[in-house]
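**Q** Sharing a structure with you now.
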Amino acid sequence: MVATALTKALTHPAAGAALDIEQISHAFDIDGAELPVLSDVSISVEPGEFVALLGPSGCGKSTLLRLVAGLDKPKAGRLREDEERIRRPHPSRVVVFQDPTLFPWRSVWDNVALGLEAQGILRSQRQRVDDALDLVGLSSFRNAYPHQLSGGMAQRVALARALVNDPKILILDEPLGKLDSLTRITMQAELVSLWQRKGFTTLLVTHDAEEALVLANRVVVFSERPARVKADIRVDRPYPRHRGDPYLADLRRQILGLLGLDATW
Amino acid sequence: MSTYSLSDGLASGAPRTSRAPLLATWIRESGVGVLASIAWIAFGLSCLWWEDVGDWSRTHSLGIAAFIIAAIALFGTVGADYLGSAGQALHKRAPWLVALGAFLTVWEVATAKFAWLPLPFFPPPQSIIEVYTDDLPKLLDSVFASVKLQLGGYLIGATIGFLTGVSIGWSRAVGYWVHPVLRFIGPLPATAWLPIAFFTFPSSWSASTFLIALATGFPVTVLTWSGVASVSNAYYDVARTLGAKPSFLVLKVAIPAALPHVFVGLFMGLGSSFAVLVVAEMIGVKAGLGWYLQWAQGWAAYANMYAALIVMSLLCSGAITLLFSIRDRLLVWQKGTVKW
């Protein structure tokens with residue numbers, strides 16, 4: 001608790017938004033049959049918090065992110081960003097998906113400019129695009145096309161495309177899932193430093209317990225589908241965190257236990 | 001004596017070994033160019049050597065022209081090093097020059113000189129040249145009429161097809177109404193409308209424009225539609241979370257993503273509209289290359305027919321080339337992702 005307060009004080013206190021996920025239930029209709037994916041999920045996220053959503057794959061974490069983003073509507077329950085109901089997508093909540101999904105017909109610069117262009121403010125704010133590219137260290141690739149980038153670079157561009165909008169809530173749907181382990185570790189560090197500098201609230205879906213513990217102040221563990229909140233764990237450790245930290249190792253064992261993997265660890 | 005001759009052989013043998021590969025490289029480098037020159041000299045000779053079996057006024061000029069081309073090929077080959085890119089271009093096309101020279105020689109001999117091919121139906125090269133020089137105004141008028149008709153019809157058809165395709169792909173309501181109509185009317189060859197079009201439209205020109213637009217519009221519509229429909233939802237999700245309005249989703253996501261498909265439709269439309277153009281000109285419009293062909297046939301002016309055919313194929317392939325270069329410019333981002 002002290003640590004989260006401290007991180008908040010160190011960064012911009014107003015940069016992040018509070019997020020309230022209140023008794024959300026959701027289901028898919030598959031050939032007329034209803035397949036429940038989320039069952040009575042409630043999470044309250046403070047402004048500037050970094051929350052990792054951890055659970056077995058296919059449990060419904062990504063669905064929850066789509067609901068938070070406003071891309072889909074929940075069957076039951078309410079979502080609020082700073083006390084305001086979430087009804088549709090808004091650039092204050094930007095998603096970085098597992099695939100970079102860059103637009104192949106646009107150059108790197110034009111991809112990053114997408115949000116500002118869609119909101120009709122690109123003309124006056126071109127500098128923000130350059131800044132965002134600087135932030136992820138890809139200024140020299142501004143004129144490249146997506147197919148010329150490596151996986152890690154493409155995901156960095158996707159990150160810049162999100163950050164250029166100065167989101168209050170950054171929603172990360174396993175953005176590092178498809179990267180090789182080296183790139184992954186580098187980008188984890190970059191994510192933490194970006195989050196610390198910018199102070200946005202971050203929601204990260206992952207199925208990697210170690211990633212969750214290295215990055216987040218809070219780890220929410222989900223059950224199998226339909227997902228329920230199984231545990232809500234605070235990670236009160238300063239950054240940068242060390243992977244071999246015995247405290248984290250202990251938490252990891254605990255979390256893997258919750259996920260039903262205690263025998264192997 | 002023997003030692004002398006041996007040392008003589010050695011002495012002269014040393015430079016020969018270094019000259020022989022030089023000669024070999026020269027033949028490899030320039031042999032085809034020289035061959036091209038020879039082929040065109042043969043063509044020139046074939047024009048001038050024997051008397052024509054018919055009465056053609058351009059035989060002599062054609063022979064001279066063949067010699068000029070032969071000279072250009074020869075000097076271009078010998079002096080390739082001093083000509084830069086022009087020399088390179090000539091070197092690349094030399095094999096075709098050989099083939100063309102040989103073909104023209106055979107053609108000349110088989111028609112104008114010995115009439116191995118029945119004459120009025122297989123005119124010699126010089127009679128086609130004669131058409132280009134003596135019947136130029138009428139031919140140019142026809143070219144102009146054809147281009148005007150084709151361009152108007154194609155642009156109208158492509159525009160309407162593109163807009164219809166985007167609307168069907170985007171809006172379910174539009175799709176509901178337009179799809180069955182398209183299903184019913186689309187596969188009908190545009191030429192089947194010809195009799196109806198020519199008496200419903202006020203002029204044969206507007207009727208032909210309609211037919212060309214129809215022939216273009218159908219493939220463009222269908223491919224634009226399938227292009228828009230196949231755009232991945234992930235792109236829309238990304239754009240929506242970044243604050244995109246529906247108009248942005250159509251103009252900046254759906255259309256650019258569908259553009260590769262649209263171009264396939266444009267190519268198909270171009271091909272089928274050529275067919276309609278020629279038929280429409282032959283039957284209804286009293287102008288254009290199709291009409292010129294028809295007219296030439298009426299007068300048994302076979303040289304004029306061949307001349308018109310050559311112009312027509314140049315125009316059609318020119319149009320395709322133009323469309324290709326527009327596509328290459330617009331879809332430059334595809335370079336490296338797909339093999340063209």
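The count begins at 1 with the first shown residue.
Placed from the backbone N, Cα and C atoms, the Cβ positions cover glycine too.
Sharing the record's features from TrEMBL:
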{"type": "TRANSMEM", "residues": "B:32-50", "note": "transmembrane segment"}
{"type": "TRANSMEM", "residues": "B:62-84", "note": "transmembrane segment"}
{"type": "TRANSMEM", "residues": "B:96-116", "note": "transmembrane segment"}
{"type": "DOMAIN", "residues": "B:143-324", "note": "domain 'ABC transmembrane type-1'"}
{"type": "TRANSMEM", "residues": "B:151-170", "note": "transmembrane segment"}
{"type": "TRANSMEM", "residues": "B:182-201", "note": "transmembrane segment"}
{"type": "TRANSMEM", "residues": "B:207-236", "note": "transmembrane segment"}
{"type": "TRANSMEM", "residues": "B:305-326", "note": "transmembrane segment"}
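Surface or core, plus neighbours and distances: that's what I need for these features.
**A** If one looks beyond the transmembrane segment (B:62-84) by at least 6 residues along the same chain, the residues whose Cβ comes under 8 Å of a Cβ in the stretch are 29-30, 33-34, 36-41, 43-45, 47-48, 90-91, 94, 97, 101, 104, 125-126, 129.
A Cβ distance under 8 Å defines the sequence-distant neighbours of the transmembrane segment (B:305-326), meaning residues of its chain 6+ beyond its ends; these are 123, 128, 131-132, 135, 139, 142-143, 146-147, 150, 263, 266-267, 270, 274, 278, 289, 292-293, 296-297.
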**Q** By a Cβ-Cβ criterion of under 8 Å, what residues six or more beyond either terminus of the transmembrane segment (B:32-50) are in contact with it?
**A** 59-60, 62-67, 69-71, 73-74, 76-78, 80, 90-91, 94-95, 97-98, 100-102, 104-105, 108-109, 112-114, 126
